[in-house]
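If you look up TrEMBL, you'll see 14-92 marked as domain '2Fe-2S ferredoxin-type'. As annotated by TrEMBL, domain '4Fe-4S His(Cys)3-ligated-type' applies to 92-131. Residues or ranges marked as domain '4Fe-4S ferredoxin-type' in TrEMBL: 151-184, 194-223. Annotation source TrEMBL lists domain '4Fe-4S Mo/W bis-MGD-type' at 232-288.
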Amino acid sequence: MRPGRALKEVLTMSDITLEINGRKVQGSSGDTILKVCEKNAIVVPTLCHFGGLADIGVCRMCLVEVKGARGLVPACTTQAMDGMVVVTENDEIRDLRRSNLEMLFSERNHFCMFCEKSGDCELQKLAYEYGLDHISYGFFWPELPMDISRKYFLYDQNRCILCRRCLRACEELAGHAVLTVRDRGPKSMICADVDLPFNESTCVSCGTCLQVCPTGALADRKSTYIGRQEHMTKTRSACAFCSVGCEVEIYSRDGEPLRVEGIFGQGPTSGILCSKGRFEPLFEANKRLDRPLLREDEGKRGLNLNEALSVLAKKIKEWGINSFAGLISPRATNEAAFQFKKLFGDNVFLIDSFSVPLGNASIEEIDDADCIVVVGADLDEEFKALSSFVKRGANLGSTVVVMGSAGAKVDIRATYRFHDEDIDSLSEVMGRFSNPLVVYGPGTKRSVMEFLWGLRPGVRQLGLARGSNIRGIEKLKIKPWKKNKGFRGLYALLGDFEVSDDLLGQLGNAEFLAVQSCYENEAVNYADLALPSRLWFERSGTYINTEGKVRHLEAIPEIALSLPSDEEILKGLIRLLG
């Protein structure tokens, strides 16, 4: 089973029966003892184990007693057998686990009172559970380096327990295979590539390693120093940076996002995120537009929302609704798009978007392909989370074919690379495989698209749309904007979408321009009236991702008290217009 699919458990094996701690329990052939314990709510402590990763048994915390075995065995790497008799907890086991914990604490700097991970640390929780109030061994404490070269998170070797979760997650889940172990024994350290600083390595800062780390060795620069997760509010939502729609949990406090995590086994990418979705909401550098602004001779004047909507309604009534066009961002929610369409009817247009036909494959099917073809999509920049699926496939022996470029970090994994016009070679290579899958994006040329349409029915295809909700907006029959065809007024619902220079020029030429934006940007500078908008993690609503599946957004708490949603603003305008 591929690592990505291991997160979504598929049980097809026969049942087995074990005796654990005196009671009969069920498992499946091929399960480890630890897996059987997890299925039957039997708690066994672990540090190196993480669901979806290959077990290596290095932490020795899951040692159990098996009748007939010589000594204790690690539950995470020992296969469960029918009729096996297991004991997971007795004085001998508990003493040995405590001794293992003492050795971990003595090897490196694990002073909880000085550690920013205190309260959210798995090592600390086990220390409390096993009553670790003193250390029987001398402290070794080698002085190891910290790597603070990355923008979003740091790595402190002094708090690393060498569980290798990060290394395995980087390779088996994220597919990047950046991490390795340097040196031996007490000098062992996790390093990137050939011992490069992380900012000079092939690390893409996706943060998968950060999320699986059980200690304070990997720490993000935002949430780590401002409180424990138990003091934050957790909101489940979907990332809206691109059309993939990764499932996320957003940790926030007082309306501010502090940490974003993937939900392993859930959503289109089973918990794998990219640097944009995980970190960019936390490090917002642009100046927010937090109130309506009206252009006057003396400059721009702040208004309340009712005043701003009255100004806009008056102008629309004066010129007539057909004198206005609505321009909508491909990142607007379905709910906002519906209200915009209700307001302007056929005079609503989609801006700066490049759609592609909806394919017949899901993202998770990339894991099962023996040949992965990437056409017209820069996975390194536009669809970062999907690059993990392609790299992971290459790591496990799938043939990767790239037509044009899929981004430098994906191109290097390709077995074959073709120019856009070399369709015959692409066809010949694909014919060698029984289960190929094609990923095509907005850069796919028409001749290549026609070739893809003509492929045999069994070939799975995944079309990548640019813009998180372009699929949803297209369902409302909203057509692309090309140029102004006589509209005197323009209302641009931009949100957090960055428009092109060409569109900025068209906006600036309108007789009257209303802009609804998250930021005080160039479009707002051109606007006669500017209205505020929410960022994606501040919105509640739905959109349709590149697979054609509905994704649900949930606003972090307290945002509703300070900033109206896009659809609320549009409903208010519709009421004023009668």
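Heads up, the Cβ atoms here are built off N, Cα and C, so glycines get one too.
The DSSP breakdown of the domain '4Fe-4S ferredoxin-type' (151-184) into helical (H, G, I), extended (E, B) and coil residues amounts to 12 helix, 8 strand, 14 coil. Sorting the domain '4Fe-4S Mo/W bis-MGD-type' (232-288) by DSSP state (H, G, I as helix; E, B as strand; all else coil) yields 8 helix, 21 strand, 28 coil. Look at the domain '4Fe-4S His(Cys)3-ligated-type' (92-131): DSSP puts its residues at 27 helix, 0 strand, 13 coil. Applying DSSP to the domain '4Fe-4S ferredoxin-type' (194-223) sorts its residues as follows: 8 helix, 4 strand, 18 coil.
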